[in-house]
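If you look up TrEMBL, you'll see 4-226 marked as domain 'Radical SAM core'. The feature GTP binding site is assigned by TrEMBL to 13, 63, 94, 154, 255, 256, 257. Taken from TrEMBL, the feature [4Fe-4S] cluster 1 binding site applies to 20, 24, 27. Taken from TrEMBL, the feature S-adenosyl-L-methionine binding site covers 26, 67, 118, 188. The [4Fe-4S] cluster 2 binding site annotation in TrEMBL covers 250, 253, 267. The region 'Disordered' annotation in TrEMBL covers 302-331. Residues or ranges marked as compositional bias 'Basic and acidic residues' in TrEMBL: 305-325.
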């Protein structure tokens with residue numbers, strides 16, 4: 001499956017819920033947002049049907065996101081259903097890990113391959129100030145459980161000038177002591193994220209190099225993701241940087257998204273896409289018709305975002321800019 005610029009689309013990110021048990025300040029307002037009604041969220045059967053269709057169109061990797069995906073009841077059942085679909089080579093999950101420890105073994109047996117754990121601070125007070133909850137202990141337990149059952153593990157950290165600037169070396173040092181990759185993701189100006197100031201990957205690399213020692217650039221990871229990795233002296237894991245603002249990687253974007261309410265979304269920056277839920281629930285639409293609708297939508301995948309230059313979009317793009325919070329999109 002390719003878009004009009006020739007990009008091969010083989011990666012589907014699925015948001016299974018807009019709910020989250022944390023309130024990270026760059027993601028969701030402290031008071032929360034109005035959640036989707038249960039009946040408006042795609043069922044596991046509907047999600048699995050979309051995955052089967054997408055696999056026939058060339059999707060090879062699926063990532064489960066939220067909100068916080070582990071708040072969705074019986075999430076292992078969904079993973080089991082996706083795991084047996086021909087053509088799906090990897091299932092991953094992005095989680096805050098607060099609920100991961102008791103579920104890690106079951107998730108692994110269901111067919112989950114990898115977890116990315118969101119962690120922005122190691123000081124309990126800073127963690128609580130960012131997330132709204134004193135839950136750092138649960139996250140650490142989740143990380144330990146993920147490693148013990150054999151998941152591939154990455155830590156995702158969003159550097160933010162106002163929130164965690166003093167924590168970033170400590171978070172990076174997780175890779176010094178454990179065999180995990182720690183990635184720093186530039187803050188994207190979406191929803192609540194517009195209120196804060198991110199820290200560029202270049203600034204962090206310079207700081208880490210001075211503090212930890214000069215790194216060597218690591219080979220690109222299989223799968224061609226957007227992260228640039230570095231091996232620092234004495235580290236068991238790698239340090240990675242994902243730089244959508246300072247070094248946008250839209251030319252190699254291979255992903256599309258399915259939101260919790262069934263919207264097939266083509267780019268984080270824009271609302272453009274199609275409502276798959278109406279096809280799934282009308283009782284008349286065949287899989288072949290859904291395939292056709294998906295292929296037609298993918299042709300219109302935006303060539304690039306404009307996070308780095310808001311307001312400079314074409315007029316038609318400006319009307320289509322995404323205004324929801326990240327938990328509602330499924331970043």
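Glycine is treated like the rest: Cβ placed from N, Cα and C.
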Say you check the Cα of residue 13 (GTP binding site) against those of the binding-site residues 24, 118, 250, 253; which is nearest?
-> 253
Using Cα positions only, nearest of the binding-site residues to residue 253 ([4Fe-4S] cluster 2 binding site) (20, 63, 94) = 63
Return the residues near residue 63 (GTP binding site), defined as same-chain residues 6+ apart in sequence whose C-beta is under 8 angstroms from its C-beta, sorted by sequence, else 'none'.
-> 11, 12, 13, 14, 91, 92, 93, 94
Looking only at C-alpha atoms, tell me how far residue 255 (GTP binding site) is from residue 267 ([4Fe-4S] cluster 2 binding site), rounded to the nearest Å.
-> 8
For residue 67 (S-adenosyl-L-methionine binding site), just give me the three-state DSSP call.
-> coil
Report, in whole Å, the straight Cα-to-Cα distance of residue 154 (GTP binding site) from residue 250 ([4Fe-4S] cluster 2 binding site).
-> 22
Spatial separation of residue 20 ([4Fe-4S] cluster 1 binding site) from residue 67 (S-adenosyl-L-methionine binding site) - C-alpha basis, Å | 5
Quick note, residue 27 ([4Fe-4S] cluster 1 binding site) and residue 188 (S-adenosyl-L-methionine binding site): C-alpha atoms separated, nearest Å, by 10
Translate the DSSP assignment of residue 253 ([4Fe-4S] cluster 2 binding site) into the three-state scheme.
-> coil
So which one is it: of the binding-site residues 27, 250, which has the fewest other Cβ atoms within 10 Å?
-> 250
